[in-house]
Amino acid sequence: MLSDDQVNEIIIEVENVPSGVQSHPSSNQIVPEKTLVNSSFSMVSSISDIGVTDSQSFSDWNDKKGRRLLWFPTSLNDSISQILHSPESLGTDIPCTSHENMQGQKLIASLIPMTSRDRIKAIRSQPRTMEEKRNLRKVADREKSKRSHGIFELSCCAQCLNSISLAYRRSKNSLSELLSSVSLWQKTLKVIGGKFGTSVLSYFNFLRWLLKFNIFSFIVTFSFIIIPQFTIAEKNTLPFTGLEFFTGAGYFRDTVMYYGFYTNSTIQHGKGGASYNMQLAYIFTIGVCLIICFFSLLFSMARYFRNNFINPHIYSRGIAKLIFCWDFTVTHEKAVKLKQKNLSTEIRENLSEIRQENVKLTLNQQLIRFSAHLAAWVVSTGVAIACCVAVYYLADNNSQFLQSHRNPGAVLLLPFVVSCINLAVPRFYSMFGLVERYEMPRHEVYILLIRNIFLKISIIGILCYYWLNIVALAGEECWETFVGQEIYRLLLMDFVFSLADSFLGEFLRRIIGTRVFTSLGLQEFDIARNVLELIYAQTLVWIGTFFCPLLPFIQMITLFIMFYVKNISLMMNFQPPSKAWRASQMMTVFIFLLFFPSFTGVLCIQAITIWRLKPSADCGPFQGLPFFIHAIYSWIDTLSKRPSYLWVVWIYRNLIGSVHFFFILTLIVLIITYLYWQITEGRKIMIRLLHEQIINEGKDKMFLIEKLIKLQEMEKRANPSSFPPERRNMEQPVSLHVREHDAARAPDLRFRRSVQEDNPRA
């Protein structure tokens, strides 16, 4: 115990009194148990938590009434004074009073008994600068570290858990800082968001997300398929002419780029070295890659759905964040201007959306708009069907065309036609906006996404039907390599057309809009068309990874180039959207479209390839097998003869190879999706009811203010001598201002009075 001359004058008296009773601060501060402490730091804590204390930090004893008293040491007061007596910590030049020092000591006292996590959360909630929070944390940690092994002595297990928790938190923060420091294009994305808004920014965020996706896929395939094949690869004797970059044939055919180059034997270096089954490695690597992509898409959809649809703050449109929050750690002049621009863009988007939601159309306008929508849908569907018929006819006659034309460039005819359709038809769809005239830009983007996804997925479906039902069954020599070359040409031609469109098409459109027909002006960035180009290319990559394992690497390079090309074209050739709108939910829609119908269609195609098609007899790791899946069947039969591996056989037969397991898994996913949807609807209703409650409470307050003013006026008339002249002169302008405000709200107040007269409970 400390002696009386070693402690400060501050005393906290803790007793069991009714909640809500709190005495005024004085030199001997009395705070009842289970009562909230209000300090200059806006700290909210329970003094009842200070039931047991450190003998070095402060001591406790009982007074004559049996009440517990807490005494603080002088060292703690000195530490608090260092924080509170500095003008910077208070944000003013006026020095702290003893009352503020005393409340700072109470704050430290409430922080000491807390756990590390609770203490960090409490300090973060303080409305102070980062420097003040650091000092406050240092003082609290220093006082807590002085504790003896008395009342606060922790067990060995508790100390171990605290150490593990602290190490985990520090490693998590370090990893988060590392990932944020190596994040791609962070500054560029902030500039795009500040100038063009969140709608255009969502496209670049989606492109960056796909780039990370392909980097992971390439690492997996390169590690488990390509590197082992490199160890036994023979020298390529085919000549290289340079045309292979466009056709994908010739020299590239006998490289690790295509399926036909990989061996079907077990790789083993030396007599005693480990063996590597290439068949199992190939099929398991592709399968694991698709499974990881599946769960990554589900996780990303759930995360974005939770952030953009379920969290309640999104229904308040983030007004509090935009108006009342500012990142005071931003001190650089350019960063401050960029932050201001981002905030102004977000405010403009929120206000624009509120205004657009309040627009109401007459019956005649609704009929005209419905007719325009119906006509646009009929025309767009007809154009998509005609394009699909043209692609099917061209693909069906492609083999005869290639036999009659021996020119190496003839193989580019089908990819050229498909790329022309993918470039021209989406631009034609975008022109429908001049007729349909959606009030909400988000609705226009959604409609264009649906029309474009229907066109592109239909074309991919027709091509897959051609590859799997005509090419694979026609006895083509190494048909898997031929399919891989076709997908490579489609991907490369789509990339070339995208570059040409960015460098030539968008540039010419800017010249025409600014110099020839100035009334056109600069064009706006077409989000739907550009996003569908990414989804189309990624779908081809997923389909072709089985036939061309290097496709993720090629897609990684194209996405990296496209980011810079689109960024330069955006800054030079486009203007910000004429109708500002929030696009916080667009990433969820993009990933959903990537999952369905894109990824689900890829899974169906891969399942048909592995379970229903016969591999080539002369090339590839599965040559000589009746079906691709027989490589796994043979492996399972081998493991079933080994007792130590029977658990693998059980997992395969009861989980992986069971239809019931996937049925139950699908049912669980649907139930979770339904629950998320119901939570979203419930929170929407909750937000609406809370808004109505806030409005009603505001009306009640105005009604009570009006009654209070009338009572004051009646008291003045009844006893005018009780009010000094100075007070009457001071209250006159205030009363005048309130009367003017009440006059503006008179209809609402009369309505409130009538309701309360009819319903006394209200």
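Cβ atoms here come from the backbone N, Cα and C positions, even for glycine.
The feature transmembrane segment is assigned by TrEMBL to 209-230 (among others).
Sequence-distant contacts of the transmembrane segment (280-299), counting only residues of its own chain at least 6 positions beyond either end whose CB sits under 8 Å from a CB of the stretch, comprise 213, 216-217, 220-221, 224-225, 228, 262, 542, 545-546, 591, 594-595, 599, 602-603, 606, 610, 621-622, 628, 631-632, 635, 669. As annotated by TrEMBL, transmembrane segment applies to 280-299 (among others).
Residues or ranges marked as transmembrane segment by TrEMBL: 374-395 (among others).
Look at TrEMBL and you will find 407-425 (among others) tagged as transmembrane segment. For the transmembrane segment (407-425), same-chain residues at least 6 beyond its ends with a Cβ under 8 Å from one of its own Cβ atoms are 243, 246-247, 249-250, 383-384, 387, 390-391, 394-395, 398, 401, 455-456, 459, 463, 485-486, 489-490, 492-494, 496-497, 501, 533, 536.
As annotated by TrEMBL, transmembrane segment applies to 445-468 (among others).
Residues or ranges marked as domain 'TMC' by TrEMBL: 478-584.
Tertiary neighbourhood of the transmembrane segment (539-565): same-chain residues 185, 204, 207-208, 210-211, 214-215, 217-218, 221-222, 225-226, 256-259, 286, 289-290, 293, 456-457, 460, 464, 480-481, 483-485, 487-488, 490-492, 494-495, 498-499, 502-503, 598-599, 601-602, 605-606, 609, selected by CB-CB distance under 8 Å and a gap of 6+ residues from either end. The transmembrane segment annotation in TrEMBL covers 539-565 (among others).
Marked as transmembrane segment by TrEMBL: 585-608 (among others). Through the fold, the transmembrane segment (585-608) approaches residues 198-199, 202, 205-206, 209, 286, 290, 293-294, 297-298, 300-301, 304-305, 308-309, 442, 445-446, 449, 453, 457, 460-461, 464, 468, 527, 531, 535, 538-539, 542-543, 546 of its own chain, all at least 6 residues removed from its boundaries and within a Cβ separation under 8 Å.
Annotation source TrEMBL lists transmembrane segment at 656-677 (among others).
Helix, strand and coil counts from DSSP across the domain 'TMC' (478-584) read 79 helix, 4 strand, 24 coil.
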